[in-house]
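As written in TrEMBL, here are the features:
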- 20-104: domain 'DUF3817' (DOMAIN)
- 22-40: transmembrane segment (TRANSMEM)
- 52-73: transmembrane segment (TRANSMEM)
- 79-102: transmembrane segment (TRANSMEM)
- 140-161: transmembrane segment (TRANSMEM)
């Protein structure tokens with residue numbers, strides 16, 4: 001609850017399920033944007049969309065990965081569930097079907113752990129999760145800064161491959 005305008009109001013926190021689903025939709029839309037950009041580029045229409053779409057997708061990918069790891073720790077997924085959750089981010093449009101599957105299996109149903117001060121984290125991942133849950137505004141800001149730093153480093157490094165060289169080698 002928080003005090004606003006002379007009244008106490010209930011603030012509805014985003015559940016792990018809602019957060020993961022939002023990240024999956026973001027990942028799906030950014031994949032679509034990237035693939036449209038690639039079609040426009042390799043069909044000779046324009047190269048202008050691909051760098052923008054690539055950047056947007058890269059940011060969406062990193063956000064999905066961070067959120068997937070957060071939900072993995074919070075909901076105590078098995079290694080296989082978490083690994084598949086991360087793997088689907090590199091397959092176009094696979095994040096949302098994974099999230100829907102996870103929802104049907106009930107592995108997204110748990111609320112946030114460590115909302116009560118009595119719950120004490122013991123492992124490093126749980127300690128990080130407790131900070132995120134107990135101090136969401138600060139944590140989100142830190143995560144966004146870290147994602148932006150990683151994103152900038154990846155942009156500086158460039159593509160892991162040369163798509164033009166691949167196309168030329170096929171011709």
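Glycine residues also receive a Cβ, built from the backbone N, Cα and C atoms like all the rest.
Within the chain, the transmembrane segment (52-73) has long-range Cβ neighbours (under 8 A, six or more residues past its boundaries) at 16, 19-20, 23-24, 26-27, 29-31, 33-34, 36-38, 81-82, 85-86, 89-90, 95, 108, 125-126, 128-129, 132, 143, 147, 150-151, 154-155. Within the chain, the transmembrane segment (22-40) has long-range Cβ neighbours (under 8 A, six or more residues past its boundaries) at 14, 46-47, 49-50, 52-54, 56-57, 59-61, 63-64, 67-68, 89, 92-93, 95-96, 98-99. As a summary of secondary structure, the domain 'DUF3817' (20-104) carries 71 helix, 0 strand, 14 coil according to DSSP.
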